[in-house]
């Protein structure tokens with residue numbers, strides 16, 4: 001028979017026996033004895049662990065050894081270092097800058113290490129004073145709408161919430177930001193001020209790098225003055241020794257089994273063959289391309305509507321989110337590097353960190369082939385920074401090439417001018433440099449160490465999960481342009497996407513790795529709230545999702561508020577994307593008004609900003625009288641700034657406010673998430 005739990009119970013004949021046998025008593029005694037010792041042992045351990053934080057222990061070697069693996073102090077002490085450079089990086093630039101500072105420390109008798117704050121117990125900063133002539137430097141990027149990078153989030157929150165005494169900590173901060181964004185270098189500025197508030201000593205003033213201008217120049221200029229301040233503060237002198245020491249050593253992996261070799265995975269070996277949820281920056285989802293169609297009707301430019309299939313992935317997104325796409329470099333450029341350096345691109349190798357204490361053992365997934373590294377892991381299309389010019393000098397056999405590299409690597413006015421003109425203005429990448437300086441033949445493994453990581457590209461999602469729960473849509477302009485040296489540079493991601501055309505169902509569909517990045521660009525919680533959307537060109541992308549979501553609500557019978565869209569492009573018959581969809585939304589009442597600006601369909605150019613100025617009454621009616629929301633998506637450098645100025649002017653005139661009052665009103669709108677921007681430079 002079975003009991004209520006479905007467990008079988010055997011039926012037996014019962015004979016008369018004592019209720020408790022001698023065996024039962026013996027077992028009972030054993031159980032009580034074991035329980036007694038377990039309880040008091042546990043209690044003792046618990047008591048010990050509770051008292052630990054309140055016990056003051058001497059800073060002996062044994063106490064250091066008891067600290068966790070996240071203790072950067074332990075690593076500094078055990079390796080005789082006095083300099084630690086933390087980085088908050090989303091794209092890899094801050095991490096690169098941190099590495100360069102740590103490397104240069106040797107010139108000033110300060111042995112350094114690079115540290116990821118996410119992997120460190122940052123409370124250990126209080127112990128930096130125990131290390132003689134110690135220094136902590138922070139290379140911190142500001143990301144999104146004034147947010148810390150993912151790996152610096154915990155540190156940022158620790159600074160906000162903590163009240164620790166950091167007296168004795170010497171520090172300096174370099175920020176990475178972009179002046180076209182409102183919250184320019186906000187995180188770095190906060191960290192710099194907060195460390196001082198907590199008692200730390202600022203060794204050198206904060207540096208603010210502007211990625212919209214020349215962040216490399218900003219960094220180099222700040223770094224030179226930093227070392228001057230360091231020498232003055234600690235009473236030390238520069239050794240004069242150049243520090244072109246390799247960070248990684250080459251390991252021959254020709255004997256490694258094929259199944260142990262990376263072939264483009266971001267982190268986990270064979271992750272594309274064996275997909276595991278959840279999907280994120282280190283574990284992207286290999287999505288099929290379901291749709292790839294041209295949106296432009298004519299002309300020499302291209303704009304693609306692409307749909308990623310996420311059916312069965314368990315991935316979820318919200319309207320307004322971004323999707324990250326992992327690109328790969330063109331085989332043409334990769335082959336060119338192999339040809340220029342006479343290298344075997346199919347040789348299997350690994351780069352192993354020479355610093356055994358570093359948590360970063362390899363610069364990218366290893367072992368792999370050089371072809372894989374140059375295709376999937378390394379950025380070979382961006383403009384190399386000055387430290388790469390410096391490292392290439394030793395590989396130049398022609399004195400003229402040597403002198404040119406030395407000049408561009410220097411911080412003299414002439415050197416900066418040459419670097420700006422020859423690298424930045426002429427838009428040369430590493431392939432172009434090797435072509436134009438033919439005597440420069442770096443070891444391929446060293447070049448792989450020097451080049452930055454290839455980063456994923458982010459796109460505003462142009463669909464609503466209410467309407468398309470099993471797919472993600474993006475709207476992307478194909479990037480191709482001719483440089484001053486008459487070379488054609490191609491966008492890494494968009495040119496790859498342009499090749500991924502779905503075929504009939506009998507053939508395997510093209511795929512690409514993606515993941516979803518959350519955004520604060522959100523519709524109002526109430527569907528009745530009126531909104532204004534301003535999105536010229538591909539700035540329309542997130543608003544297509546907004547409109548779909550409101551249209552879905554309308555079809556469900558819910559009341560929806562006014563939706564006003566400002567859209568602009570060059571010519572109506574050429575690049576008016578999603579025209580039929582938008583006209584249909586106007587016809588069914590979802591889209592209340594559609595204001596269109598075609599800049600080149602008449603002698604005088606006409607932009608969405610002109611339409612905004614003409615419709616001041618409508619603007620104020622929605623954002624002022626009805627407390628509606630306003631959204632801007634597109635170019636941060638000019639369009640978004642112009643829109644902001646117009647909104648302030650409208651608030652002044654229609655709201656009868658002074659300039660100061662109008663600025664405060666708009667600022668309050670931003671704080672209330674009633675004025676949101678999703679912009680790029």
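A Cβ is built for glycine as well, from the same backbone N, Cα and C atoms used for every other residue.
TrEMBL lists transmembrane segment at one of the ranges 20-39, 40-59, namely 20-39. On the 0 to 100 pLDDT scale, the domain 'FAD-binding FR-type' (282-524) averages 96 in the predicted structure. Reported as a whole number, the C-alpha separation between residue 457 (FAD binding site) and residue 599 (NADP(+) binding site) equals 28 Å.
Each residue contributes its Cα atom, and for residue 477 (FAD binding site) and residue 301 (NADP(+) binding site) these two points are 8 Å apart. Helix, strand and coil residue tallies for the domain 'Flavodoxin-like' (83-227), in that order: 65 helix, 35 strand, 45 coil [DSSP]. Comment: NADP(+) site residues 301, 538, 599, 600, 605, 606, 607, 608, 609, 642; largest CA to CA distance 26 Å, whole number. Highest local Cβ density among the binding-site residues 459, 607, 680 belongs to 459, counted as other Cβ atoms within 10 Å over all protein chains shown.
The C-beta environment of residue 178 (FMN binding site), restricted to residues of the same chain at least 6 apart in sequence and closer than 8 Å, consists of 184, 210, 211, 212, 636, 681.
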